[in-house]
Amino acid sequence: MASYKELIAQRDELNAQLEEAFKEERLSVLDEIVRKMQAHRITLTEVGGHAPDEKTKAPARYRDPVSGKEWSGRGKPPNWIKDEADRSKFLVAD
């Protein structure tokens, strides 16, 4: 029967072989994918989609007459409007 140290050495050798085999197979798979994409004229954009559009900032609906700060009406209300029952006096004119 093999000793503990011998088994550890065997395990380390197998792990190294596994890692090498994985790298080789991965390269082979990538080469095959690239060849098939080229043969079928598939672009990376088609596979991965496109970059997400930049989010546009929501237009301001409310403006603080004192500071001039604006709020879109989305999310947590700022301190200058949070306790106001009638927010219509803060509406931004179109």
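Glycine residues also receive a Cβ, built from the backbone N, Cα and C atoms like all the rest.
For 46-94, the entry in TrEMBL reads region 'Disordered'.
The compositional bias 'Basic and acidic residues' annotation in TrEMBL covers 51-73 (among others). Within its own chain, the compositional bias 'Basic and acidic residues' (51-73) has Cβ neighbours under 8 Å at 80-81, 87, 90-92, counting only residues six or more beyond its boundaries.
Per TrEMBL, domain 'DNA-binding protein H-NS-like C-terminal' is recorded for 60-85. Averaged across the domain 'DNA-binding protein H-NS-like C-terminal' (60-85), pLDDT for the predicted model comes to 92.
Under the heading compositional bias 'Basic and acidic residues', TrEMBL lists 81-94 (among others). Counting residues of the compositional bias 'Basic and acidic residues' (81-94) by DSSP class, helix then strand then coil, yields 6 helix, 1 strand, 7 coil.
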Query raised in the report: What counts of helix, strand and coil residues does DSSP assign across the compositional bias 'Basic and acidic residues' (51-73)?
Result: 0 helix, 4 strand, 19 coil
